[in-house]
Amino acid sequence: MSLFSDQRNLSWNPPDTSSRIGITLETYILEGMLGFPAATGAFTSLLNQIGLAAKLVTSKVRRAGLANVLGYTGQTNVQGEIVQKLDEVANETLLSVLGRRGHCAAVVSEELGEMRILSTDPRAKYVVVVDPLDGSSNIDVNISIGTIFGVLRKGDGKLGADPSDFLRPGRDLVAAGYVLYGSSTLLVLTTGLGGVHGFTYDPTVGEFFLSHENIRIPERGATFSINEGHSARWPEAVRRWNAWIKEERKEEGRPYGARYVGSLVADAHRTLLKGGIFAYPADRGGQGKLRLLYEANPFAFLFEAAGGKASTGSDRILDLVPKSLHERVPLILGSPRDVDDFEQFLRGER
Ligand code: AHM
Ligand code: MG
């Protein structure tokens, strides 16, 4: 049983389900329906600011082809990757909105080499990790992209944040979520204790409305999601798992179907709703590609809160203690039985 299922049973009462029409993200947060045990004004305000940033970014993404924000800035980011204009626009939007109400002390972003201080007010109790626009290779070709975020509580008794506020295991997150800019814009959010909930953006009203209440991942799925173009770089055990999942064994539900968008938010979202497995294994001298703080940890927190698992293949993602702000890890997300299978291959048991 996961950490969250224990706690949820003890401390969270399901929301009143008598009427679900017209419940906005703001209402859901303000009425405490996310199940945060001590929902403070600061916390709800911070989550609402994230919702506002998501609206602003979605309006930029939706008009990207018209507003001269496609293409490259000519810069490279701290990861050595080419920065797209829309990456930069999303990053600036998030920093500016999170800086407004003084609840967010600092941000670590994929687009910034260093932590950015937003407030030194002692009342700024939280810090935020964010990948402002994930799936960069899909921006220019009109394929789904997303924003990933996580919220941590800042250490008490000091003015301003420092990197130690971020170098904590993912199980310390107090909220995590993502925004998927897909056929519609969807914001999925969890505080861990109260389950995982999705809100679809209605652009005609300008609000996110509750559309996916209490998402639970199936115990096992029927698709796998991995970049098979990298198979020559994988550990041998991953290659054996990959061959196994494609074997023709109808009675065991194999072969699984292959689905890979190349945007983590899109691939993880499909996996969360339909079950199955997403894997970005170690393929660079033991490292993966995805970043622990703002890609792996938020999704690990979401998947566990929805009854799924998140692993490096050998260790629980949420237990990893980060050594640096932009550290990369292998990331395996999915239905509990599917992640178990993967781990068994990695341990050499199959
Ligand atoms: P990005 O943060 O630069 O966009 O890179 C992260 C993306 C993820 O969205 C996706 O899962 C992965 O990179 C795809 O990588 P690859 O092209 O190697 O399959
Ligand atoms: Mg990214």
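We count from 1, first residue shown onward.
Glycine is no exception: its Cβ is also placed from the backbone N, Cα and C atoms.
Under the DSSP three-state reduction, Leu133 (Mg(2+) 1 binding site) is assigned to strand. In the shown protein chains, 31 other C-beta atoms lie within 10 A of the C-beta of Leu133 (Mg(2+) 1 binding site). Residues annotated as Mg(2+) 1 binding site in TrEMBL: Glu110, Asp131, Leu133.
Take the CB of Asp134 (Mg(2+) 2 binding site) and look out to 10 A: across all protein chains shown you find 26 other CB atoms. TrEMBL lists Asp131, Asp134, Glu295 with the feature Mg(2+) 2 binding site.
Residues or ranges marked as substrate binding site in TrEMBL: Asp134, Gly135, Ser136, Ser137, Asn227, Tyr260, Lys289. Other C-beta atoms found within 10 angstroms of the C-beta of Ser137 (substrate binding site) number 13, with every protein chain shown included.
Per TrEMBL, domain 'Fructose-1-6-bisphosphatase class I N-terminal' is recorded for 23-213.
Sequence annotations record features per position, and here TrEMBL assigns domain 'Fructose-1-6-bisphosphatase class 1 C-terminal' to 217-346.
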Of Asp131, Asp134, Asn227, the binding-site residues with C-beta less than 6 Å from an atom of ligand 2, in sequence order, are Asp131, Asp134
Of the binding-site residues Ser137, Asn227, Tyr260, Lys289, Glu295, the one whose Cα sits nearest to the Cα of Asp131 (Mg(2+) 1 binding site) is Glu295
Listed in sequence order, the residues of the same chain lying six or more positions from Glu295 (Mg(2+) 2 binding site) whose CB sits under 8 Å from its CB are Glu110, Asp131, Asp134, Ile148, Leu264, Leu331
Filtered by Cβ distance under 6 Å to ligand 1, the binding-site residues Gly135, Ser136, Asn227, Tyr260 reduce to Gly135, Ser136, Asn227
Given the Mg(2+) 1 site Glu110, Asp131, Leu133, its other Cβ neighbours within 8 Å of the Cβ centroid, in chain order, are Asp87, Ala90, Asn91, Ser109, Glu111, Val130, Pro132, Asp134, Ser136, Thr147, Ile148, Tyr294
Top of the binding-site residues Ser136, Asn227 by count of other CB atoms within 10 A is Ser136
